[in-house]
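Trainee: Mind looking over this structure? Questions follow.
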Amino acid sequence: MGWGDMEPRNGSAAGQSDTCFGVFNASDGRKNAQNSIASPWFSTAFGLIGLCSNLFALCVLLSSSRKLSSQARSSFLVFLCGLVVTDFMGLLVTASVIIPYHFIKFPWAKVDPGCHLCNFLGFSMVFFGQCPLLLGATMAGERFFGINHPFSRSTSISKRRAWSIVGLVWGFSCLLGLLPVLGLGRYTLQYPGSWCFLTLLPDTGNVIFCLLFALLGIFSVLLSFIFNTVSVVTLCRVYHDRESVQRRRDSEVEMMVQLVGIMIIATICWMPLLVRTWALVFRQQLPASGQIQMLPTETQKMLLIYIRMVTWNQILDPWVYILFRRAVLQRIYPNLRPRPSILSLYPVLNPSLRRKL
C-alpha cells in the first residue's frame with residue numbers, strides 16, 4: 001500500500017493539517033466505518049477479558065511472591081508484576097476513552113478542539129506499548145546473566161533494585177511518549193476516529209519520532225530473542241549433561257518457558273506494526289508546497305488491524321504466567337517433581353561461599 005495522492009490545501013484542511021485532525025477525515029464515511037469494524041461490544045468484550053486476565057495474574061503473582069525464598073525467582077516475579085501492572089493500566093486507560101467513543105460517537109473535533117484528549121491517548125498508546133517490549137528485553141537480560149553467570153554478585157538483583165529497574169523502564173517510556181508534546185512529531189486521530197497514534201506523514205519531526213518508536217521496539221524484540229536463545233541453549237546443555245541428568249533446574253526452566261512465551265507473543269503481536277511503520281516512513285515523499293498528504297483508506301484500515309493485534313499482547317501476557325507455572329504443569333504432567341536448584345549443578349563449593357550465594 002502506498003501513500004495517498006496529493007490534495008490541494010483548502011481552508012478546512014489548512015486549519016487541520018497542523019492539528020491532530022489532519023490525517024483522518026472523521027466525517028468521511030464515519031457512519032459506515034463505525035457499523036462495519038468498530039462495534040462497541042467487540043471493544044468492550046476484549047477490554048473486560050484483558051482487565052480480568054491481568055487482575056487474576058496479579059493476584060497469583062502476589063500470592064507466589066510471598067512464598068518464595070529464592071532471590072532470582074523473586075526478582076523475576078517483580079519484573080513480571082511490573083509487566084502485568086503495565087498491561088492492566090494500558091487496557092484501563094485506553095479503554096476508558098475508546099469504548100465511550102464507540103457508544104456515544106461524539107464529534108472529536110468539537111469535544112477536543114485543542115487535541116488534549118488526543119495527545120493523552122496517543123501518549124498512552126506509545127507509553128503502554130513500549131513498556132512491555134522494554135520490560136521483556138530487561139527480563140531476558142536478567143535471566144541471561146543469571147543463567148550464564150550464576151555465581152557473580154553483580155547478577156544478584158534484590159527486589160528493591162528490580163523495582164528500580166522497572167521504574168527506569170517506565171520513566172524512559174514516559175519520556176518517549178512525551179516527545180510529541182514537547183515538539184518532536186505529533187499525535188493524530190486515526191481511522192475510524194476512535195484512537196490517536198503516531199503521525200505517519202512526511203515531515204522531519206514525525207519521521208524522527210516514528211523511526212525512534214519503530215527502531216526501539218524492533219531492537220527490544222531482537223535483544224529479547226538473542227538473550228533468550230543463548231539462555232535456552234545454556235539450560236539445554238546443563239539439562240542434558242551426563243553428570244547432572246537428575247539435577248534439573250526446575251525453577252530456571254519454568255522462568256525461561258514463561259519468558260520465551262512472552263517473547264513469542266510480543267513478536268507476533270508487535271512486529272507487523274513496527275515493520276509497517278518503518279516501511280511507511282521510508283516510502284513516503286515530501287508534499288509539494290501548498291499541498292497536504294493523507295494516508296489512503298486501505299492503509300488506515302491496516303493500521304487499525306495492527307493496533308488490535310497489539311492489544312492481544314496485553315490480553316495474552318498474563319496467561320503465559322497463569323498457565324506455565326509448575327503448579328499447573330505438574331497437574332498435567334505429574335512426573336514433574338521439584339529438584340535441586342542451580343547451585344547443585346556445579347562442583348561442591350566451599351560452605352561459606354554457598355551461604356553467600
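Every residue, even glycine, has its Cβ placed from backbone N, Cα and C.
Worth saying up front: this structure is predicted, and the values here are computed from it rather than measured.
Straight out of TrEMBL:
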TRANSMEM  41-64  transmembrane segment
DOMAIN    53-321  domain 'G-protein coupled receptors family 1 profile'
TRANSMEM  76-101  transmembrane segment
TRANSMEM  121-141  transmembrane segment
TRANSMEM  162-185  transmembrane segment
TRANSMEM  205-238  transmembrane segment
TRANSMEM  259-282  transmembrane segment
TRANSMEM  302-324  transmembrane segment
Trainee: Counting a contact as 3 or more Cβ pairs under 8 Å, with residues at least 6 apart in sequence, do the transmembrane segment (121-141) and the transmembrane segment (41-64) touch?
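Mentor: Counting Cβ pairs under 8 Å (6 or more apart in sequence), the transmembrane segment (121-141) does not reach the transmembrane segment (41-64), since there are fewer than 3.
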Trainee: What average pLDDT does the predicted model assign to the domain 'G-protein coupled receptors family 1 profile' (53-321)?
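Mentor: Looking only at the domain 'G-protein coupled receptors family 1 profile' (53-321), pLDDT averages out to 84.
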